[in-house]
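Read the structure below first, then the notes.
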Amino acid sequence: MDTPLRRSRRLEGLKPESPENPTSVLRVRRVLVEFESNPKETGEPRSPPGLGSPSRQPETSPGSPSLPNGPALGSPRKQPELDSGSPEGHRDPGLNFPQNQPESSPESHLLQPKPSEESPKFSQNQGEADSELPKSKEEPTPGCPRHQLQQDSGSLEPFPGQKAPGPEPSKPLQELTPRSPGSPRDQHEPSKPPAAGEPAREGPAPKKREGSSAQAPASKKPKEEIPVIPKGKPKSGRVWKDRSKKRFSQMVQDKPLRTSWQRKMKDRQERKLAKDFARHLEEEKERRRQEKKKRRAENLRRRLENERKAEIVQVIRNPAKLKRAKKKQLRSIEKRDTLAQLQKQPPQRPATKV
């Protein structure tokens, strides 16, 4: 690293220019600052892209109306802004001048904007900056206008994260200066999506109109393509809706649906056999019922006969006993034909019932 002595020795031959021609001084200052930043780009870590925003220029420029203090005062309010915003604030103020670098190069002039692009008040304060040039060459201080001019031009130099200027053609100033999220250009950019969204909103409306216009001829085409239905056939293709208005039984007389004579005779025979079998079952049931009835009557008759054979009878020949008999005894007396019994039995023993 160079010492301030060698740097001052190297710059002894330079003479401050007259206030009438301040553009050469500004060019030399910007060239020095640019070549100072080039050898240190590889050594320093990259800072976030929002640190070197153009919004910092009005704060550090000597002609800025936003700063109440003068540029040469070095107020403590302005130093924290320089330390936090610009990458040069972290460097030693004694390292502002490069070592063994030419004072001007074509690449540096391509990257430098014209003096007309600066603020209008910056040209008024150039005379003061030129008057203090010898002091800044000997011993630069962080509060002097030389240091402020370097920091102001440092905002125009390429960012440490960007490539160093080379033989390629230079990019526009807007691309070289990094943008910060709070910069006025970034504030104007969010308004672009709504502007881009407005055509998007208007886009579907013509499509709908085109679709509606396309649907109109499309709706006419099917009407024209409908085939003509031949006379005698229904529109829906249902055969039972014929123009002749015949009955369904007459329309469905197909050959597969007709039954043969043998099939008809067979079905008739089956029906007859079923009826005969049902009649036979009824007759069998009636026969069983009659047989049961006869058995019951025979059983009754046989029981009565057995009772008569087993009873003891007494024939009452004296009618006076009947008169003297009580009602209970008269209930048990019956009149019977005893002729058969008398014939079977001997006459000395007549049949009587007690």
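The backbone N, Cα and C atoms fix where each Cβ goes, and this holds for glycine too.
So that you can see what the record holds, here are the features copied from Swiss-Prot:
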type: REGION; residues: 1-354; note: region 'Disordered'
type: MOD_RES; residues: Ser24; note: phosphoserine
type: COMPBIAS; residues: 31-44; note: compositional bias 'Basic and acidic residues'
type: COMPBIAS; residues: 49-58; note: compositional bias 'Low complexity'
type: MOD_RES; residues: Ser53; note: phosphoserine
type: MOD_RES; residues: Thr60; note: phosphothreonine
type: MOD_RES; residues: Ser61; note: phosphoserine
type: MOD_RES; residues: Ser64; note: phosphoserine
type: MOD_RES; residues: Ser75; note: phosphoserine
type: MOD_RES; residues: Ser86; note: phosphoserine
type: COMPBIAS; residues: 97-107; note: compositional bias 'Polar residues'
type: MOD_RES; residues: Ser108; note: phosphoserine
type: MOD_RES; residues: Ser123; note: phosphoserine
type: MOD_RES; residues: Ser183; note: phosphoserine
type: COMPBIAS; residues: 199-211; note: compositional bias 'Basic and acidic residues'
type: MOD_RES; residues: Ser212; note: phosphoserine
type: MOD_RES; residues: Ser213; note: phosphoserine
type: COMPBIAS; residues: 232-248; note: compositional bias 'Basic residues'
type: COMPBIAS; residues: 267-289; note: compositional bias 'Basic and acidic residues'
type: COILED; residues: 274-317; note: coiled coil
type: COMPBIAS; residues: 297-311; note: compositional bias 'Basic and acidic residues'
type: COMPBIAS; residues: 320-330; note: compositional bias 'Basic residues'
Worksheet entry | Distal contacts, the compositional bias 'Basic residues' (320-330) - CB-CB under 8 A, six or more residues away | none
Worksheet item: Of the residues in the compositional bias 'Basic residues' (320-330), how many are helix, strand and coil by DSSP?
Response: 9 helix, 0 strand, 2 coil
Worksheet entry | Helix, strand and coil totals (DSSP H, G, I; E, B; other) for the compositional bias 'Basic and acidic residues' (267-289) | 23 helix, 0 strand, 0 coil
Item to complete: By DSSP assignment, list the helix, strand and coil residue numbers for the compositional bias 'Basic and acidic residues' (297-311), in that order.
Response: 14 helix, 0 strand, 1 coil
